[in-house]
Amino acid sequence: MSERRVRVRFAPSPTGALHIGGVRTALFNYLFARQHGGDFVFRIEDTDSNRFVPGAEEYIIESFRWLGLKFDEGVSFGGKYGPYRQSERREIYKEYVTRLLDAGKAYIAFDTPEELDMKRQEIQNFQYDATTRSLMRNSLTMSKADVDALIEDGNQYVVRFKVEPGEEIHVNDLIRGDVVIKSDILDDKVLYKSADELPTYHLANIVDDHLMEITHVIRGEEWLPSAPLHVLLYRAFGWEDTMPRFAHLPLLLKPDGKGKLSKRDGDRLGFPVFPLEWHDPKTGEVSNGFREQGYFPEAVLNFLALLGWNPGTEQELFTLDELVKQFDISKCSKAGARFDFQKAIWFNHEYILNKSDDEIAELFAPIVAGNGVEESMARVRQVVHMMKDRVNFVRELWPLCSFFFVPPIEYDEKTTRKRWKADSPQVMNELAEVLEGIEDFSIENQERVVMAWVESKGYKLGDVMNAFRLTLVGEGKGPGMFDITAFLGKEETLTRMRRAIEVLSADAAAQ
Ligand code: GLU
(Lines of atoms letter the chains of each structure in order from A and count residues from 1; the text may use other names and numbers.)
(Lines give C-alpha, C1' and ligand atoms only; values in the text may rest on other atoms or scores of the structure.)
Protein backbone atom coordinates (compact mmCIF):
# COMPACT_ATOMS: atom_id res chain seq x y z
CA MET A 1 0.00 0.00 0.00
CA SER A 2 1.44 3.35 -0.94
CA GLU A 3 1.77 6.03 1.73
CA ARG A 4 -1.49 7.91 1.93
CA ARG A 5 -1.72 11.56 2.84
CA VAL A 6 -2.71 11.74 6.51
CA ARG A 7 -6.31 12.81 6.93
CA VAL A 8 -8.13 12.94 10.26
CA ARG A 9 -11.54 14.20 11.19
CA PHE A 10 -13.41 15.59 14.12
CA ALA A 11 -16.98 14.43 13.75
CA PRO A 12 -19.27 15.69 16.51
CA SER A 13 -23.00 15.18 16.65
CA PRO A 14 -24.79 18.50 17.18
CA THR A 15 -26.65 17.36 20.28
CA GLY A 16 -25.73 20.25 22.58
CA ALA A 17 -22.69 22.10 23.81
CA LEU A 18 -19.32 20.65 22.94
CA HIS A 19 -17.95 18.88 25.99
CA ILE A 20 -14.37 19.71 26.97
CA GLY A 21 -13.46 16.06 26.27
CA GLY A 22 -14.53 16.66 22.68
CA VAL A 23 -12.19 19.63 22.55
CA ARG A 24 -9.34 17.38 23.73
CA THR A 25 -10.22 14.87 20.98
CA ALA A 26 -10.22 17.63 18.37
CA LEU A 27 -6.89 18.97 19.67
CA PHE A 28 -5.20 15.57 19.41
CA ASN A 29 -6.54 15.18 15.87
CA TYR A 30 -5.27 18.65 15.02
CA LEU A 31 -1.79 17.96 16.43
CA PHE A 32 -1.62 14.67 14.58
CA ALA A 33 -2.68 16.25 11.28
CA ARG A 34 -0.25 19.15 11.61
CA GLN A 35 2.75 17.02 12.54
CA HIS A 36 2.16 14.79 9.52
CA GLY A 37 1.45 17.62 7.14
CA GLY A 38 -2.04 16.20 6.73
CA ASP A 39 -5.62 17.43 6.69
CA PHE A 40 -7.97 18.09 9.57
CA VAL A 41 -11.59 17.66 8.54
CA PHE A 42 -14.73 18.89 10.30
CA ARG A 43 -17.75 16.65 9.77
CA ILE A 44 -21.16 17.02 11.36
CA GLU A 45 -22.82 13.71 12.23
CA ASP A 46 -26.46 14.66 12.40
CA THR A 47 -28.27 11.54 11.27
CA ASP A 48 -30.05 11.14 14.59
CA SER A 49 -32.76 13.74 14.07
CA ASN A 50 -34.25 13.10 17.53
CA ARG A 51 -31.13 14.38 19.21
CA PHE A 52 -30.55 17.40 16.99
CA VAL A 53 -30.22 20.65 18.94
CA PRO A 54 -30.46 23.96 17.09
CA GLY A 55 -27.44 26.19 17.54
CA ALA A 56 -25.10 23.35 18.49
CA GLU A 57 -23.26 23.33 15.16
CA GLU A 58 -22.66 27.10 15.29
CA TYR A 59 -21.54 26.74 18.90
CA ILE A 60 -18.96 24.11 17.94
CA ILE A 61 -17.59 26.23 15.10
CA GLU A 62 -17.35 29.29 17.35
CA SER A 63 -15.57 27.23 20.01
CA PHE A 64 -12.79 26.25 17.63
CA ARG A 65 -12.53 29.77 16.27
CA TRP A 66 -11.97 30.99 19.82
CA LEU A 67 -9.48 28.23 20.58
CA GLY A 68 -7.56 28.90 17.40
CA LEU A 69 -7.77 25.34 16.10
CA LYS A 70 -8.19 25.63 12.35
CA PHE A 71 -9.80 23.03 10.16
CA ASP A 72 -8.63 22.48 6.60
CA GLU A 73 -12.01 21.43 5.29
CA GLY A 74 -15.50 20.58 6.37
CA VAL A 75 -18.78 22.17 7.34
CA SER A 76 -18.41 25.95 6.90
CA PHE A 77 -14.86 25.51 5.57
CA GLY A 78 -15.57 23.83 2.22
CA GLY A 79 -13.46 21.19 0.49
CA LYS A 80 -13.71 18.67 -2.28
CA TYR A 81 -15.10 15.77 -0.23
CA GLY A 82 -18.34 17.54 0.69
CA PRO A 83 -21.03 17.84 1.65
CA TYR A 84 -19.67 17.40 5.17
CA ARG A 85 -22.99 17.45 6.96
CA GLN A 86 -24.35 13.91 7.05
CA SER A 87 -27.98 14.99 6.74
CA GLU A 88 -27.02 16.24 3.26
CA ARG A 89 -25.62 12.87 2.21
CA ARG A 90 -28.73 10.68 2.41
CA GLU A 91 -28.56 9.47 -1.19
CA ILE A 92 -24.94 8.39 -0.76
CA TYR A 93 -25.77 6.23 2.26
CA LYS A 94 -28.75 4.60 0.51
CA GLU A 95 -26.44 3.41 -2.21
CA TYR A 96 -24.11 1.76 0.29
CA VAL A 97 -26.96 0.18 2.22
CA THR A 98 -28.15 -1.36 -1.04
CA ARG A 99 -24.67 -2.69 -1.70
CA LEU A 100 -24.60 -4.53 1.62
CA LEU A 101 -28.10 -5.91 1.07
CA ASP A 102 -27.24 -7.13 -2.43
CA ALA A 103 -24.10 -8.81 -1.13
CA GLY A 104 -26.06 -10.58 1.62
CA LYS A 105 -24.08 -8.79 4.33
CA ALA A 106 -27.13 -7.02 5.68
CA TYR A 107 -30.84 -7.81 5.80
CA ILE A 108 -34.20 -6.13 6.19
CA ALA A 109 -36.07 -6.48 9.48
CA PHE A 110 -39.71 -5.56 10.17
CA ASP A 111 -39.89 -6.21 13.90
CA THR A 112 -41.74 -3.39 15.61
CA PRO A 113 -40.52 -1.93 18.90
CA GLU A 114 -43.38 -3.78 20.64
CA GLU A 115 -42.34 -7.09 19.11
CA LEU A 116 -38.77 -6.50 20.17
CA ASP A 117 -39.89 -5.71 23.71
CA MET A 118 -41.86 -8.94 23.84
CA LYS A 119 -38.84 -10.91 22.76
CA ARG A 120 -36.79 -9.24 25.45
CA GLN A 121 -39.29 -10.40 28.03
CA GLU A 122 -39.40 -13.89 26.57
CA ILE A 123 -35.66 -14.44 26.22
CA GLN A 124 -33.20 -13.43 28.90
CA ASN A 125 -30.46 -11.08 27.68
CA PHE A 126 -32.03 -11.07 24.27
CA GLN A 127 -29.93 -9.63 21.50
CA TYR A 128 -30.64 -9.60 17.80
CA ASP A 129 -27.90 -11.85 16.45
CA ALA A 130 -27.04 -15.16 14.79
CA THR A 131 -28.78 -17.13 17.54
CA THR A 132 -32.06 -15.18 17.46
CA ARG A 133 -32.45 -13.68 14.01
CA SER A 134 -34.15 -16.86 12.77
CA LEU A 135 -36.95 -16.24 15.29
CA MET A 136 -37.65 -12.74 14.01
CA ARG A 137 -39.54 -11.09 11.17
CA ASN A 138 -36.84 -10.34 8.64
CA SER A 139 -35.74 -10.99 5.10
CA LEU A 140 -33.79 -14.05 6.27
CA THR A 141 -36.92 -15.75 7.61
CA MET A 142 -39.42 -14.50 5.02
CA SER A 143 -39.76 -15.02 1.30
CA LYS A 144 -38.65 -12.29 -1.06
CA ALA A 145 -42.24 -11.90 -2.21
CA ASP A 146 -43.46 -11.32 1.36
CA VAL A 147 -40.71 -8.81 2.03
CA ASP A 148 -41.47 -6.90 -1.16
CA ALA A 149 -45.17 -6.92 -0.36
CA LEU A 150 -44.64 -5.53 3.13
CA ILE A 151 -42.46 -2.73 1.79
CA GLU A 152 -44.95 -2.08 -0.99
CA ASP A 153 -47.68 -1.73 1.65
CA GLY A 154 -45.70 1.00 3.36
CA ASN A 155 -44.48 -1.01 6.37
CA GLN A 156 -41.48 0.54 8.04
CA TYR A 157 -38.32 -1.50 8.32
CA VAL A 158 -34.71 -1.29 9.34
CA VAL A 159 -31.62 -2.72 7.71
CA ARG A 160 -29.44 -4.75 10.07
CA PHE A 161 -25.84 -5.78 9.65
CA LYS A 162 -25.41 -9.54 9.56
CA VAL A 163 -22.64 -10.36 11.98
CA GLU A 164 -21.13 -13.79 11.30
CA PRO A 165 -20.47 -15.72 14.51
CA GLY A 166 -17.25 -17.51 15.39
CA GLU A 167 -14.85 -14.86 14.21
CA GLU A 168 -12.09 -13.01 15.95
CA ILE A 169 -12.05 -9.33 15.24
CA HIS A 170 -8.83 -7.40 15.65
CA VAL A 171 -8.93 -3.69 16.27
CA ASN A 172 -5.43 -2.41 15.82
CA ASP A 173 -5.27 0.59 18.09
CA LEU A 174 -2.31 2.99 18.18
CA ILE A 175 -2.75 3.44 21.92
CA ARG A 176 -4.20 0.13 23.04
CA GLY A 177 -2.43 -2.26 20.67
CA ASP A 178 -4.23 -5.26 19.25
CA VAL A 179 -7.71 -5.36 20.79
CA VAL A 180 -9.33 -8.71 20.05
CA ILE A 181 -13.01 -9.40 20.34
CA LYS A 182 -15.24 -12.35 19.40
CA SER A 183 -17.91 -11.58 16.86
CA ASP A 184 -20.40 -13.70 18.86
CA ILE A 185 -20.87 -10.97 21.41
CA LEU A 186 -21.91 -8.39 18.82
CA ASP A 187 -25.52 -7.83 17.87
CA ASP A 188 -26.84 -7.22 14.36
CA LYS A 189 -26.74 -3.44 14.59
CA VAL A 190 -29.27 -1.34 12.77
CA LEU A 191 -27.59 0.49 9.88
CA TYR A 192 -30.55 2.21 8.30
CA LYS A 193 -34.13 3.16 9.14
CA SER A 194 -36.80 3.49 6.47
CA ALA A 195 -38.88 5.74 8.72
CA ASP A 196 -36.60 8.72 8.28
CA GLU A 197 -34.62 7.33 5.35
CA LEU A 198 -31.46 7.89 7.31
CA PRO A 199 -28.54 5.67 8.20
CA THR A 200 -27.46 5.22 11.80
CA TYR A 201 -24.18 6.55 13.13
CA HIS A 202 -22.29 3.33 12.37
CA LEU A 203 -23.00 3.20 8.67
CA ALA A 204 -22.69 6.91 7.98
CA ASN A 205 -19.45 7.09 9.99
CA ILE A 206 -17.77 4.27 8.06
CA VAL A 207 -18.98 5.31 4.62
CA ASP A 208 -17.83 8.87 5.21
CA ASP A 209 -14.47 7.92 6.67
CA HIS A 210 -13.94 5.83 3.55
CA LEU A 211 -15.17 8.38 1.01
CA MET A 212 -13.35 11.22 2.74
CA GLU A 213 -10.16 9.12 2.69
CA ILE A 214 -9.67 9.33 6.43
CA THR A 215 -6.46 7.57 7.45
CA HIS A 216 -6.65 7.79 11.26
CA VAL A 217 -9.66 7.73 13.54
CA ILE A 218 -8.69 9.43 16.79
CA ARG A 219 -11.61 9.58 19.21
CA GLY A 220 -12.69 9.07 22.79
CA GLU A 221 -12.59 5.74 24.55
CA GLU A 222 -16.39 5.65 24.64
CA TRP A 223 -16.29 4.66 20.95
CA LEU A 224 -14.03 1.66 21.46
CA PRO A 225 -17.01 -0.74 21.79
CA SER A 226 -18.15 0.34 18.30
CA ALA A 227 -14.77 -0.30 16.74
CA PRO A 228 -15.15 -4.08 16.12
CA LEU A 229 -18.38 -3.47 14.22
CA HIS A 230 -16.62 -0.77 12.25
CA VAL A 231 -13.84 -3.18 11.32
CA LEU A 232 -16.45 -5.68 10.13
CA LEU A 233 -18.14 -2.98 8.06
CA TYR A 234 -14.87 -2.09 6.33
CA ARG A 235 -14.43 -5.74 5.52
CA ALA A 236 -18.01 -6.13 4.30
CA PHE A 237 -17.44 -3.30 1.86
CA GLY A 238 -14.07 -4.69 0.80
CA TRP A 239 -12.21 -1.64 2.09
CA GLU A 240 -9.72 -3.41 4.36
CA ASP A 241 -6.76 -1.92 2.50
CA THR A 242 -7.72 1.63 3.29
CA MET A 243 -9.18 1.03 6.72
CA PRO A 244 -8.12 3.89 9.01
CA ARG A 245 -5.87 3.21 11.98
CA PHE A 246 -7.70 3.67 15.27
CA ALA A 247 -6.60 5.52 18.39
CA HIS A 248 -9.03 5.58 21.31
CA LEU A 249 -8.08 8.31 23.76
CA PRO A 250 -8.35 7.78 27.51
CA LEU A 251 -11.45 9.00 29.30
CA LEU A 252 -11.45 12.24 31.23
CA LEU A 253 -12.13 11.43 34.87
CA LYS A 254 -13.73 13.43 37.68
CA PRO A 255 -11.35 15.73 39.60
CA ASP A 256 -12.26 13.76 42.71
CA GLY A 257 -13.50 10.23 43.18
CA LYS A 258 -14.22 7.67 40.52
CA GLY A 259 -15.82 7.83 37.12
CA LYS A 260 -16.19 9.93 34.04
CA LEU A 261 -16.10 13.72 34.19
CA SER A 262 -19.63 15.08 33.90
CA LYS A 263 -21.26 18.48 33.71
CA ARG A 264 -22.53 17.89 37.23
CA ASP A 265 -18.95 17.73 38.52
CA GLY A 266 -18.40 21.17 37.04
CA ASP A 267 -21.54 22.54 38.70
CA ARG A 268 -20.63 20.88 41.99
CA LEU A 269 -17.02 22.04 42.13
CA GLY A 270 -17.41 25.30 40.25
CA PHE A 271 -15.54 24.91 36.98
CA PRO A 272 -16.72 24.89 33.36
CA VAL A 273 -16.84 21.74 31.24
CA PHE A 274 -17.70 23.63 28.04
CA PRO A 275 -15.36 25.85 26.03
CA LEU A 276 -17.94 28.65 25.72
CA GLU A 277 -21.00 29.60 27.69
CA TRP A 278 -23.93 27.52 26.48
CA HIS A 279 -27.58 28.51 26.50
CA ASP A 280 -29.62 25.35 26.31
CA PRO A 281 -32.43 26.18 23.88
CA LYS A 282 -34.78 23.60 25.44
CA THR A 283 -34.38 24.19 29.15
CA GLY A 284 -33.09 27.76 29.04
CA GLU A 285 -30.30 26.68 31.35
CA VAL A 286 -27.06 28.64 30.99
CA SER A 287 -23.79 26.77 31.51
CA ASN A 288 -20.45 28.32 32.21
CA GLY A 289 -17.68 28.43 29.59
CA PHE A 290 -13.90 28.57 29.83
CA ARG A 291 -13.96 31.70 27.66
CA GLU A 292 -16.42 33.55 29.86
CA GLN A 293 -14.51 32.50 32.98
CA GLY A 294 -11.52 34.38 31.61
CA TYR A 295 -9.28 31.53 30.48
CA PHE A 296 -6.87 32.16 27.64
CA PRO A 297 -7.51 29.74 24.76
CA GLU A 298 -3.79 28.85 24.69
CA ALA A 299 -3.93 27.94 28.37
CA VAL A 300 -6.96 25.71 27.81
CA LEU A 301 -5.25 23.91 24.93
CA ASN A 302 -2.02 23.51 26.91
CA PHE A 303 -3.97 22.07 29.83
CA LEU A 304 -5.94 19.68 27.60
CA ALA A 305 -2.83 18.50 25.74
CA LEU A 306 -1.54 16.99 28.97
CA LEU A 307 -4.72 15.08 29.73
CA GLY A 308 -3.82 11.62 28.50
CA TRP A 309 -0.47 12.52 26.99
CA ASN A 310 2.82 13.70 28.40
CA PRO A 311 6.18 14.41 26.79
CA GLY A 312 8.11 12.22 29.20
CA THR A 313 9.96 15.28 30.49
CA GLU A 314 9.27 17.91 33.14
CA GLN A 315 8.05 20.42 30.57
CA GLU A 316 4.49 21.57 31.13
CA LEU A 317 4.21 24.81 29.19
CA PHE A 318 3.90 24.33 25.44
CA THR A 319 2.96 26.57 22.58
CA LEU A 320 0.73 24.98 19.97
CA ASP A 321 3.74 24.71 17.66
CA GLU A 322 5.77 22.92 20.31
CA LEU A 323 2.88 20.53 20.85
CA VAL A 324 2.74 19.82 17.13
CA LYS A 325 6.44 18.89 17.25
CA GLN A 326 6.42 16.86 20.43
CA PHE A 327 2.99 15.21 20.56
CA ASP A 328 3.12 11.45 20.07
CA ILE A 329 -0.16 9.59 19.77
CA SER A 330 1.46 6.26 20.60
CA LYS A 331 2.56 7.70 23.96
CA CYS A 332 -1.00 8.46 25.07
CA SER A 333 -2.04 6.59 28.17
CA LYS A 334 -4.68 3.89 28.25
CA ALA A 335 -5.78 4.81 31.74
CA GLY A 336 -8.21 7.67 32.24
CA ALA A 337 -6.88 11.17 32.83
CA ARG A 338 -8.02 13.03 35.91
CA PHE A 339 -9.52 16.43 35.12
CA ASP A 340 -7.62 18.53 37.63
CA PHE A 341 -9.25 21.93 37.20
CA GLN A 342 -6.87 23.51 39.72
CA LYS A 343 -4.21 22.73 37.16
CA ALA A 344 -6.24 24.58 34.53
CA ILE A 345 -6.18 27.64 36.80
CA TRP A 346 -2.45 27.22 37.29
CA PHE A 347 -1.95 27.17 33.53
CA ASN A 348 -3.91 30.38 33.15
CA HIS A 349 -1.72 32.01 35.80
CA GLU A 350 1.40 30.90 33.95
CA TYR A 351 0.04 32.35 30.73
CA ILE A 352 -0.63 35.65 32.48
CA LEU A 353 2.99 35.71 33.64
CA ASN A 354 4.25 34.81 30.18
CA LYS A 355 2.25 37.47 28.42
CA SER A 356 3.74 40.94 28.19
CA ASP A 357 2.45 43.75 30.40
CA ASP A 358 1.17 45.37 27.22
CA GLU A 359 -0.98 42.37 26.32
CA ILE A 360 -2.50 42.16 29.79
CA ALA A 361 -2.97 45.95 29.91
CA GLU A 362 -4.94 45.76 26.64
CA LEU A 363 -7.33 43.34 28.34
CA PHE A 364 -7.45 45.20 31.64
CA ALA A 365 -7.93 48.72 30.23
CA PRO A 366 -11.58 48.15 29.20
CA ILE A 367 -12.32 46.91 32.73
CA VAL A 368 -10.76 50.04 34.20
CA ALA A 369 -12.76 52.22 31.82
CA GLY A 370 -15.88 50.18 32.57
CA ASN A 371 -15.48 51.19 36.20
CA GLY A 372 -15.66 54.81 35.19
CA VAL A 373 -11.94 55.54 35.45
CA GLU A 374 -10.08 57.45 32.76
CA GLU A 375 -6.46 56.35 32.72
CA SER A 376 -3.73 56.27 30.13
CA MET A 377 -2.58 52.92 28.81
CA ALA A 378 0.86 53.60 30.29
CA ARG A 379 -0.62 53.93 33.80
CA VAL A 380 -2.74 50.81 33.37
CA ARG A 381 0.36 48.97 32.24
CA GLN A 382 2.25 50.17 35.33
CA VAL A 383 -0.40 48.63 37.59
CA VAL A 384 -0.43 45.44 35.55
CA HIS A 385 3.34 45.21 35.92
CA MET A 386 3.08 45.47 39.71
CA MET A 387 0.12 43.15 40.16
CA LYS A 388 -0.21 40.53 37.44
CA ASP A 389 1.77 37.88 39.27
CA ARG A 390 -0.92 37.88 41.96
CA VAL A 391 -3.86 36.83 39.78
CA ASN A 392 -4.99 33.80 37.83
CA PHE A 393 -7.42 35.72 35.63
CA VAL A 394 -7.44 39.26 34.26
CA ARG A 395 -10.89 39.77 35.80
CA GLU A 396 -9.30 39.37 39.25
CA LEU A 397 -7.18 42.47 38.72
CA TRP A 398 -9.84 45.10 39.35
CA PRO A 399 -10.89 43.99 42.86
CA LEU A 400 -7.19 43.78 43.71
CA CYS A 401 -6.07 47.01 42.07
CA SER A 402 -8.99 49.42 42.13
CA PHE A 403 -7.33 51.44 44.93
CA PHE A 404 -4.67 52.58 42.48
CA PHE A 405 -7.34 54.36 40.48
CA VAL A 406 -10.03 55.16 43.05
CA PRO A 407 -9.19 56.59 46.51
CA PRO A 408 -10.68 54.69 49.44
CA ILE A 409 -13.92 56.13 50.80
CA GLU A 410 -14.08 53.72 53.67
CA TYR A 411 -11.40 52.16 55.83
CA ASP A 412 -11.64 48.49 56.56
CA GLU A 413 -12.81 48.08 60.14
CA LYS A 414 -10.74 45.13 61.14
CA THR A 415 -7.55 46.60 59.70
CA THR A 416 -8.27 49.92 61.34
CA ARG A 417 -8.77 48.32 64.74
CA LYS A 418 -5.48 46.50 64.39
CA ARG A 419 -3.31 49.01 62.59
CA TRP A 420 -4.56 52.47 63.54
CA LYS A 421 -3.05 53.26 66.91
CA ALA A 422 -3.54 56.18 69.26
CA ASP A 423 -0.43 57.90 67.94
CA SER A 424 -1.15 57.11 64.29
CA PRO A 425 -2.72 60.53 63.44
CA GLN A 426 0.34 62.30 64.74
CA VAL A 427 2.84 59.92 63.11
CA MET A 428 0.98 60.12 59.78
CA ASN A 429 0.93 63.90 59.95
CA GLU A 430 4.68 63.86 60.44
CA LEU A 431 5.14 61.39 57.61
CA ALA A 432 3.01 63.55 55.34
CA GLU A 433 5.30 66.47 56.07
CA VAL A 434 8.38 64.37 55.36
CA LEU A 435 6.94 63.24 52.06
CA GLU A 436 5.92 66.76 51.13
CA GLY A 437 9.54 67.82 51.50
CA ILE A 438 10.87 65.17 49.08
CA GLU A 439 11.81 66.64 45.72
CA ASP A 440 12.75 63.47 43.89
CA PHE A 441 9.67 61.28 44.42
CA SER A 442 11.25 58.12 42.97
CA ILE A 443 10.78 54.84 44.83
CA GLU A 444 14.44 54.68 45.89
CA ASN A 445 14.65 58.24 47.13
CA GLN A 446 11.38 58.09 49.09
CA GLU A 447 12.51 54.88 50.69
CA ARG A 448 15.86 56.37 51.71
CA VAL A 449 14.37 59.51 53.23
CA VAL A 450 11.47 57.81 54.99
CA MET A 451 13.66 55.06 56.48
CA ALA A 452 16.06 57.65 57.86
CA TRP A 453 13.16 59.56 59.41
CA VAL A 454 11.67 56.40 61.01
CA GLU A 455 15.04 55.56 62.46
CA SER A 456 15.74 59.04 63.78
CA LYS A 457 12.36 59.05 65.53
CA GLY A 458 12.80 55.55 66.92
CA TYR A 459 9.42 54.49 65.50
CA LYS A 460 8.59 50.89 64.76
CA LEU A 461 8.81 50.48 60.99
CA GLY A 462 5.97 47.96 60.87
CA ASP A 463 3.57 50.21 62.75
CA VAL A 464 4.34 53.17 60.52
CA MET A 465 3.96 51.24 57.30
CA ASN A 466 0.73 49.54 58.36
CA ALA A 467 -0.93 52.82 59.23
CA PHE A 468 0.48 54.38 56.05
CA ARG A 469 -0.99 51.57 53.96
CA LEU A 470 -4.38 52.00 55.57
CA THR A 471 -4.44 55.69 54.60
CA LEU A 472 -3.68 55.02 50.93
CA VAL A 473 -5.38 51.69 50.26
CA GLY A 474 -8.16 51.62 52.84
CA GLU A 475 -7.20 48.13 53.91
CA GLY A 476 -4.17 45.95 54.53
CA LYS A 477 -3.38 44.74 51.01
CA GLY A 478 -1.27 45.84 48.06
CA PRO A 479 2.33 45.91 46.87
CA GLY A 480 5.23 47.78 48.43
CA MET A 481 4.26 51.18 49.88
CA PHE A 482 6.63 53.15 47.70
CA ASP A 483 5.42 51.35 44.58
CA ILE A 484 2.02 52.71 45.52
CA THR A 485 3.15 56.25 46.35
CA ALA A 486 5.31 56.47 43.23
CA PHE A 487 2.27 55.52 41.17
CA LEU A 488 -0.11 57.88 42.95
CA GLY A 489 2.34 60.77 42.93
CA LYS A 490 3.01 63.18 45.75
CA GLU A 491 -0.17 65.18 45.56
CA GLU A 492 -2.58 62.24 45.54
CA THR A 493 -0.56 60.51 48.27
CA LEU A 494 -0.83 63.54 50.56
CA THR A 495 -4.53 64.06 49.79
CA ARG A 496 -5.30 60.47 50.70
CA MET A 497 -3.23 60.64 53.88
CA ARG A 498 -4.86 63.82 55.12
CA ARG A 499 -8.33 62.59 54.41
CA ALA A 500 -7.65 59.33 56.26
CA ILE A 501 -6.25 61.15 59.26
CA GLU A 502 -9.36 63.30 59.39
CA VAL A 503 -11.88 60.49 58.96
CA LEU A 504 -10.16 58.02 61.26
CA SER A 505 -9.57 60.61 64.00
CA ALA A 506 -13.22 61.66 63.85
CA ASP A 507 -14.24 58.00 64.06
CA ALA A 508 -12.01 57.49 67.07
CA ALA A 509 -13.39 60.60 68.76
CA ALA A 510 -16.97 59.43 68.20
CA GLN A 511 -16.29 56.17 70.01
N1 GLU B 1 -20.42 11.48 16.01
C2 GLU B 1 -19.54 10.84 16.95
C3 GLU B 1 -19.41 11.76 18.13
O4 GLU B 1 -20.33 12.45 18.42
C5 GLU B 1 -18.22 10.55 16.28
C6 GLU B 1 -17.46 9.42 16.87
C7 GLU B 1 -16.27 9.11 16.00
O8 GLU B 1 -15.36 9.93 16.00
O9 GLU B 1 -16.30 8.10 15.29
O10 GLU B 1 -18.42 11.84 18.81
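Backbone N, Cα and C define each Cβ position, glycine as well.
Annotation comment: TrEMBL describes LYS263 as ATP binding site. Classification of LYS263 (ATP binding site) by DSSP places it within a helix.
Confidence in the domain 'Glutamyl/glutaminyl-tRNA synthetase class Ib catalytic' (6-343), given as mean pLDDT, stands at 96. The annotation domain 'Glutamyl/glutaminyl-tRNA synthetase class Ib catalytic' is assigned in TrEMBL to 6-343.
Per TrEMBL, domain 'Aminoacyl-tRNA synthetase class I anticodon-binding' is recorded for 360-501. DSSP states for the domain 'Aminoacyl-tRNA synthetase class I anticodon-binding' (360-501), grouped as helix (H, G, I), strand (E, B) and coil, give 106 helix, 0 strand, 36 coil.
What TrEMBL lists as motif ''HIGH' region' is 12-22. Shown for the motif ''HIGH' region' (12-22): DSSP residue counts in helix, strand and coil, namely 3 helix, 0 strand, 8 coil.
Sequence-distant neighbours of the motif ''KMSKS' region' (260-264) (same chain, 6+ residues past either end, Cβ-Cβ under 8 Å): 19-21, 251-254, 273-274, 287, 336, 339. Here TrEMBL flags 260-264 as motif ''KMSKS' region'.
Panel annotation: around the motif ''HIGH' region' (12-22), residues 44-46, 48, 51-53, 56-57, 59-60, 63, 201, 220, 251-252, 261, 263, 272-276, 278, 280, 287, 290, 304, 339 of the same chain, lying at least six beyond its termini, place a Cβ under 8 Å from a Cβ of the stretch. Annotation for LYS263 (ATP binding site): same-chain Cβ neighbours under 8 Å, separated by at least 6 residues, are HIS19, VAL273, PHE274, SER287.
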